Amino acid sequence: MSSKQEIMDDQRFRRVSKDPRFWEMPEKDRKVKIDKRFRAMFHDKKFKLNYAVDKRGRPISHSTTEDLKRFYDLSDSDSDLSDEESKVLDEKRVKEKKKQTKKETKSKTPIEEKKKETKKTDQKDSINKNDLNNSERIQKMKNSHKSPKIDSEVSPKDSEESLQSRKKKRDTTDLSVEASPKGKLRTKDPSTSAMVKSSTVSGSKAKREKQAVIMAKDNAGRMLHEEAPEEDSDSASELGRDEESEGEITSDDRASADDDENEDEEEEEDGEEEEEEEEEEDESDDESDSGPDLARGKGNVETSSEDEDDLADLFPEEPGFEHAWRELDKDAPRADEITRRLAVCNMDWDRLKAKDLLALFNSFKPKGGVVFSVKIYPSEFGKQRMKEEQIQGPVELLSIPEDAPEKDWASREKLRDYQFKRLKYYYAVVECDSPETASKIYEDCDGLEFESSCSFIDLRFIPDDITFDDEPKDAASEVDLTAYKPKYFTSAAMGTSTVEITWDETDHERITTLNRKFKKDELLDMDFEAYLASSSEDEEEVEEAPEGEDGVSIEDGKTKKSQKDDEEQIAKYRQLLQVIQEKEKKGKENDMEMEIKWVPGLKESAEEMVKNKLEGKDKLTPWEQFLEKKKEKKRLKKKQKALAEEASEDEIPSDVDLNDPYFAEEVKKIGIKKKSMKSAKDGATSEEETELEKQKAEMALLVMDEEEDSKKHFNYDKIVEHQNLSKKKKKQLMKKKELLEDDFEVNVSDARFQAMYTSHLFNLDPSDPNFKKTKAMEKILEEKARHREQKEERLIQAVERAQQDTGKPAQKQPMDPALSMLIKSVKNKTEQFQARKKQRIK
């Protein structure tokens, strides 16, 4: 303490006690307050990491939990209190302390109180007697040692010497008592024992008074006269004699006074304890008046039990809700067995679908691994709760009173509890090809957050002997990743303070489809699908209806619809193949039959088909044109063969005798046939003749392509070399007749190569080192520049037309009035039917 006082008295360090920069931060402000949701990190093994060596390589035994406790602490309710409430708390604590001290004093028996009163009276009598004796001795000392220079002052040295001499004498008396036989002494008079008692009791207080006299600092007391030590020695000798006489008395009565001294010591201890309690009460009163001194560390530390009691007085107790934050899988048993099936639990099933999980797990599967399917099944708990909710709604909503405010904490936490339970209504089964792929997915995805949804993936292995008899709510075996769009959502119960109940929430996919902007064609298709149906579909539905069982859920109907769609597509493909085969058969036959089915919009569809056929001839690709040419060649060959066979039949062999009557008749028949053929040809219409001429012209063109002898091979590299030669070398090659002249002319207007002028893929770069300048290349570049100029002119003209036609309304294509009236009538009838249905429900 003395060293600290010296440091504080030093002027160099005096600023430390007053400057707040040198004050230590209290623990409440030093640690970061965290919510009780994160208390698992203090005891959970996932957050614990033991250190064997520190950063300098020295061996230590340290863990991360110690670091967490060093920097983090659970939030106390005191941190949220205001200043006025904290004052009220301090006052209550002081009052409670006073009450406790009063209760302790009252709890003592009245016999003990009487004993204390008697002891106190004895102490007071002994103190008075000692005071009288001490005052007489002091007067004797003053009378015997009167000096001219010092009147009423005692030197500290003399007082110390006198005390030491007294102590020595008392020690000798104690030794004499101990040395006496059997350690027992008899007292003759009771007065002497009383004197001994009074002297022993008052010993402690007399010592205190003498020490106070010695410690008194006085300048006059230090400046003593030279004769003072002699006088002090005389006075000390006289005092020693008096003490010897007293010592004899005490030695005679020592044995009888031992018991009394022990009692007196106990009384002194009781008295000291009472004084300490009174001092503590005074200090507490002072603290309550002045308040806690936080700068000196007073009032900082308070017991948690007192804080809780005080808070319980201020705030009424509320029903506690312990949510399983990130601990929904704490009850799941742990097993070492790895299987090829995984269960996905505790997810937001109102938003997630099977295809979302399949897309996720496909991105985490190992090389060569396959995820066959993902199916979502309802759990037993979910089935029971959903049945109850269909009848009376969620139980948690019924427990909330109607008059409860919107921001009521208890009602909000009840809704949160319901949302947590709703995560267990379903579970998904992921089927993999092998246990290795399942374990890889488990290691990578278990505990992972799905996007930014605040819902964490809880994976568990499913034993091989477990089977699932329920029909799945949703299933997915394939996902088109090119067209798949991920879902971005946040579950309110897990991530926000405000809770939104999802019991009667509309399907989010339905909301997105309704909010999407549709085109006119899409709307018409939707109207056709919704309001118009063929009779065959109705019959199929009627046939399939009795096969199903009663009480089929909506989810089962969805799966059946998907199966029906697949079957319908297969049936359509089969019908198309049959129609194609029938058409081919009918084309071969002479008698043609036609079937006409009246369908809404048949006229428009027929017109479109005709246009497509007419435009198809112009839009044929080079390959299709080549195939058509081949077909025409085959047809020509067949015709030539037929003509040759007819000619061979017409030819008459040389061995035949025309004079023979049999052969003469046959020759006449052949002549008649030829005449009939000629007459048939003559009777042909002019239209047939024109068609025949066209066919002949096309055939001539085809034959010309094959019969052209002007075709020749060329070497492009040699042409480029000869073109870049000098004039002398060209003349030399001309003489030798080895110069290759580039007679090839590019057909720039060929429609097959129009992409060279429009597409960036066929761009010609003259700065490229592989570019070789020829006449054909120059023509292509010129044509490209011409196309570019034409395009710019067209754009300018289009802009001018748009500016002129801004005021003119766009002409709409007229729709078939009969079809539009049919759709409108069906719409009106459905609206009327729904309106009547609503009125009945009300």
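Along the chain as shown, residues are numbered 1 onward.
From the backbone N, Cα and C atoms, a Cβ is placed for every residue, glycine too.
Bear in mind that the values here come from a model prediction, so they are computed numbers and not experimental data.
Taking Ser77, Ser176, Ser191, Ser256 one by one, Swiss-Prot attaches phosphoserine to Ser77. Among the candidates Ser107, Ser165, Ser305, the residue that Swiss-Prot annotates as phosphoserine is Ser305. Per Swiss-Prot, the phosphoserine annotation among the candidates Ser477, Ser535, Ser648 falls on Ser648. Of the listed residues (Ser193, Ser411, Ser536, Ser654), Swiss-Prot tags Ser654 with phosphoserine; the rest carry no such note in the record, though that does not show they lack it. Between the listed residues Ser79, Ser152, Ser159, Ser202, Swiss-Prot assigns phosphoserine to Ser79, with no corresponding entry for the rest in that record. According to Swiss-Prot, the listed position annotated as phosphothreonine out of Thr187, Thr303, Thr559, Thr690 is Thr303. Cβ-based crowding with a 10 Å cutoff singles out Ser75 as the top-ranked of the modified residues Ser75, Ser726. The two recorded residues, Ser75 (phosphoserine) and Ser726 (phosphoserine), have Cα atoms 95 Å apart. For the compositional bias 'Basic residues' (631-641), residue counts in helix, strand and coil come to 11 helix, 0 strand, 0 coil, using DSSP. Across the coiled coil (772-804), the prediction's mean pLDDT works out to 86.
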